[in-house]
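Working notes for the structure below.
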Amino acid sequence: MSSQAPELPVLEKEKNESTSSVDKVERDSEAAPEVDPAFERRTMWKVDLYVLPVLTFVYSFSLIDRINLGAAYAAGMGKALGLTVGARYSIVTCMYFVPYILLQLPGNLVLRHFGVRNWLTFLTLAWGSVQLGMGFVKSWQGLLATRFMLGVFEAPFFPALLWLLSSWYKRHELQKRIAAFYLLAVTIGGVSPLLAYGLSLLEGKHNIAGWRWIFIVEGSITIGTAVLAFLMLPVFPEQNKFLTKEETAFVIKRLNEDRGDVTPDEVTFKKVLHHLSDWTIWAYGFMFTCAAMPNYVQSYFTPLILAGMGYDRKGTLLLSAPPYGPAIPLTMAVAYFSDKYKHRSSFIFGLALMCILGNGLVAWHPNNKVRYLGVFITNAGNSGTIPTVLSYASNNVVGQSKRSVQTALTVALGAIGGILAATCFRAKDAPRYIPGLAATLGAQGILIILLAILTLRHMYWNKRSREGKLAEPLEGQEGFYYTL
């Protein structure tokens, strides 16, 4: 066997161009003079305005297309396709996650090979077409097949966006950006029930059922966003065209000073296996599993839970949107202070406790108004947890190849939260869905345990590094310390 594992396929010309581009930018960054704070603020504001809105807008439609199943079910799809029989709805929900989990890592590893815009535009166009096709399925088996294909094409998208986003910012200014990106996308996604309700009123137009219009219109919009993706999606810092030469050199310099990993290292099969042998990136991933489960519950099963409280179809769709509101200020406040104090774990702990409280109220309180309040509390806690966990994981890895593996693995394992939500919320448990809510509550307890293990581990190695007791620096990067 060769001592060097085979490289993933990379076009030699693109590889050489990418390497020379990075080398040139890094030489420019080394020669760049110290800049004043005004220049830094102006440059990073320019980055924010270019990077965040486009990523958010495109991802929001990924989110809408993923979570509109519950709204379509409430709008009549359940009865029309026989999803009320046995566990069919849960099976359809789960089918999405099979390819979604398996294809995250392969999709992320080919991102630089195909190019950010080419790859992500193709994915957006493909899943938009599948979403459109869902409006014309004739059976629950047809819906099952389209959900599988939706998972295939959406799988590489979110980890690619996380990798791209983390490549532009220093470690302790990242959470505010992830939170803004996530919240704006979730807010747009939060109006999905309202949009779905409006589209369901097209019932009978051109002899098409209202629930079918949800998929047809939203799929068509997604196909349109593929054009925007091709024209506007940002690329990696060393490849960008929207900054001046001086601004690009400055961005590269500050990133190298923070973590020293702007230069993309070669991705080999051996290196991927080496990264996967690091148990900590699995721990971050399973933390995200636990954090994602309440999010999927909110997306897929809130309309069903509200229906169990006695609300009609109109009420379940309209009341599914308001719980997203209070999550916005809380999540941004957590992100601001978490970045300011360069600390993640205490915030994750507090937010997990909020999820436990909210789930407990929804599951066991006898008053439906208090149960609905529990939906608000759960969503607020969960919306804050997700960007904090993602930032916690991203802050504690160094190297482009490891970052690509870590982001893909984290999001892939997060999808297991969707499978758990789908399997734990069974039709026979209606109207209160106690087993599913109890499982969601238990996931938050596991999240806290994993957080404690990682935090104690990071504290131990940070202490040994500061005391000069290590033969080499943490993560192979001089001056690096784990973020707690």
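Backbone N, Cα and C atoms are what each Cβ position is placed from, and that goes for glycine too.
Annotated region 'Disordered' per TrEMBL: 1-29, in sequence order.
Here TrEMBL flags 10-29 as compositional bias 'Basic and acidic residues'.
Look at TrEMBL and you will find 49-69 (among others) tagged as transmembrane segment. Within the same chain, residues 92-93, 96, 120, 124, 127-128, 131, 147, 150, 154, 157-158, 161, 164-165, 168, 177, 180-181, 184-186, 188-189, 192, 195-196, 214-215, 218-219, 221-222, 225, 228-229, 232-234, 242, 299-300 sit at least 6 positions outside the transmembrane segment (49-69) and bring their C-beta atoms closer than 8 Å to a C-beta of that stretch.
The domain 'Major facilitator superfamily (MFS) profile' feature in TrEMBL is assigned to 51-460.
Per TrEMBL, transmembrane segment is recorded for 89-111 (among others).
What TrEMBL lists as transmembrane segment is 118-136 (among others).
Residues or ranges marked as transmembrane segment by TrEMBL: 148-166 (among others).
Look at TrEMBL and you will find 178-199 (among others) tagged as transmembrane segment.
Sequence annotations record features per position, and here TrEMBL assigns transmembrane segment to 211-236 (among others).
Sequence annotations record features per position, and here TrEMBL assigns transmembrane segment to 279-297 (among others). Distant neighbours of the transmembrane segment (279-297): 348, 352, 355, 358-359, 378-379, 381-383, 385-386, 389-390, 392-393, 396-397, 402, 405-406, 409-418, 420-422, 425, 436-437, 439-440, 443-444, 446-447, 450-451, 453-454, 457; these residues of the same chain sit at least 6 beyond its ends, with a Cβ under 8 Å from one of its Cβ atoms.
TrEMBL lists 317-338 (among others) with the feature transmembrane segment.
Residues or ranges marked as transmembrane segment in TrEMBL: 345-364 (among others). Using a Cβ-Cβ cut-off under 8 Å and counting only residues 6 or more beyond its ends in the same chain, the transmembrane segment (345-364) has close neighbours at 287, 290-291, 294, 305, 334, 337-338, 370-371, 373-382, 384-385, 388-389, 392, 432-434, 437-438, 440-441, 444-445, 447-448, 451, 454-455, 484.
Sequence annotations record features per position, and here TrEMBL assigns transmembrane segment to 370-393 (among others). Counting same-chain residues at least six beyond the ends of the transmembrane segment (370-393), those with a Cβ under 8 angstroms from any Cβ of the stretch are 162, 174-175, 178-179, 181-183, 186, 281, 284-285, 287-288, 291-292, 294-295, 297-298, 302, 305-306, 309, 319, 322-324, 326-328, 330-331, 334-335, 338, 344-345, 347-348, 351-355, 357-363, 406-407, 410, 447, 483.
Sequence annotations record features per position, and here TrEMBL assigns transmembrane segment to 405-427 (among others).
TrEMBL lists 433-456 (among others) with the feature transmembrane segment. Counting same-chain residues at least six beyond the ends of the transmembrane segment (433-456), those with a Cβ under 8 angstroms from any Cβ of the stretch are 280, 283-284, 286-287, 289-291, 293-294, 297, 301, 304-305, 308, 345, 348-349, 352-353, 355-356, 359-360, 362-364, 385, 417, 420-421, 424-426, 484.
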Selected stretch (most C-beta pairs under 8 A with the transmembrane segment (211-236)) from 89-111, 118-136, 148-166, 178-199, 317-338: 118-136
Surrounding residues of the transmembrane segment (148-166) on its own chain - C-beta under 8 Å, 6+ positions past either end: 51, 55, 59, 62, 65-66, 95-104, 106-108, 110-111, 116, 119-120, 123-124, 126-127, 130-131, 134, 174, 177-178, 181, 234-236, 390, 394, 403-404, 407-408, 410-412
Cβ-Cβ under 8 Å with the transmembrane segment (405-427): same-chain residues at least 6 beyond its ends: 84, 86-87, 89-90, 93-94, 96-97, 100-102, 104-105, 107-109, 155-156, 158-159, 162-163, 166, 272, 275-276, 281-282, 284-286, 288-293, 295-297, 300-301, 304, 390, 393-394, 397, 433, 435-436, 439-440, 443
For the transmembrane segment (89-111), sequence-distant contacts whose Cβ falls under 8 Å of one of its Cβ atoms, 6 or more beyond its ends: 8, 66, 69, 73, 78, 83, 119, 140, 143-144, 147-152, 154-157, 159-160, 163, 267, 272, 300, 404-405, 407-409, 411-413, 415-416, 418-419, 421-423, 425-427
Mean of the pLDDT scores, which run from 0 to 100, over the domain 'Major facilitator superfamily (MFS) profile' (51-460): 89
